[in-house]
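S.K.: As annotated by TrEMBL, domain 'O-methyltransferase dimerisation' applies to 24-118. If you look up TrEMBL, you'll see 141-182, 185-274 marked as domain 'O-methyltransferase C-terminal'. The feature active site, proton acceptor is assigned by TrEMBL to HIS204.
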Amino acid sequence: MATLENQTQTSCKNEEEEACSYAMQLASISVLPMVLKSTIELDVLEIIAKSGPGACISPSEIASKLPTTKNPEAHVMLDRMLRLLASYKVLTCTMHTLEDGHVERLYGLAPVCKFLVRNEDGVSIVPFMLLNQDKVIMKSWYYLKDAVIDGGIPFYKAHGMGLFDYHATDSRFNMFFNKVLSRWGDMFVSVPKADTILMKSVIHNWSDERSLKCLKNCYAALPEDGKVIIVEAIAPEFPETNSVANSVFHIDCIMLATLSGGKREPKKNSKLWQRKPDLLIFKLYLVLITIGSWSSVK
């Protein structure tokens, strides 16, 4: 009996320690994206990638390849940043013993870095990541509490205007934002003629009313048997505790802070597919779960 009680006490103590560690992690959660942002801006991931497939190199070697640095402690600072990223599986880390007996850490690219280095296939999300850490977007978060209490959109409260109106006032941010986009256009004005229209990461930005306007323009551009394929991250009804659900809810809260749109749950999508006498809307034909958090609505 005493052994069972000891095991129960040990288990409770471990759970409490784990909860405390998790609370500390949440209390400093902004550290990770800001360290990753600086690492990318320093081109550290590109330096490792250019060293060859599967390469692992030291912070000193990375520091020696930075464009300019007058800081003799640059390699020490890099090591502290990179070991954090390794702890989050952004980088790999191996220990290497030098001839003098000192041990140094060597860092390589983990699988996630496929999406964090430049490439010709368009899979890098670096522009999106840098945009979300930009000071213009970050300022919105300081008004989220006020928006909950008073209503409105945090970005508007922070800057006195909507996100897309703000572009005209800040050329730096406008250029930065446009790097996230693959093509320019205004689907609220017109849509080019096509047999099939693929819309990825469009509908989530807007309210149902604006989304319907966009869909009506798509309808006008299609032949009778045309199709619209919408690729979006669909928010699960129950807040699951995995990386797919995390990423969807992250983006949903970005919409909450910056725009009037957001991630819709499948059942709450219904009014976008209703047919009304004064409004010709597409019929929901198929929902296909695809890679990661993305879903296709046809």
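Easy rule for this one: first residue shown is 1, then count along the chain.
The backbone N, Cα and C atoms fix where each Cβ goes, glycine too.
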S.K.: Mind checking which residues of the chain, 6+ beyond the ends of the domain 'O-methyltransferase C-terminal' (141-182), have their Cβ under 8 Å from one of its Cβ atoms?
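M.R.: For the domain 'O-methyltransferase C-terminal' (141-182), the sequence-distant neighbours (Cβ-Cβ under 8 Å, at least 6 residues beyond its ends) are 122, 127-128, 130-131, 134, 256-260.
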S.K.: Looking only at the domain 'O-methyltransferase C-terminal' (141-182), report the model's average pLDDT.
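M.R.: Over the domain 'O-methyltransferase C-terminal' (141-182), the predicted model scores a mean pLDDT of 90.
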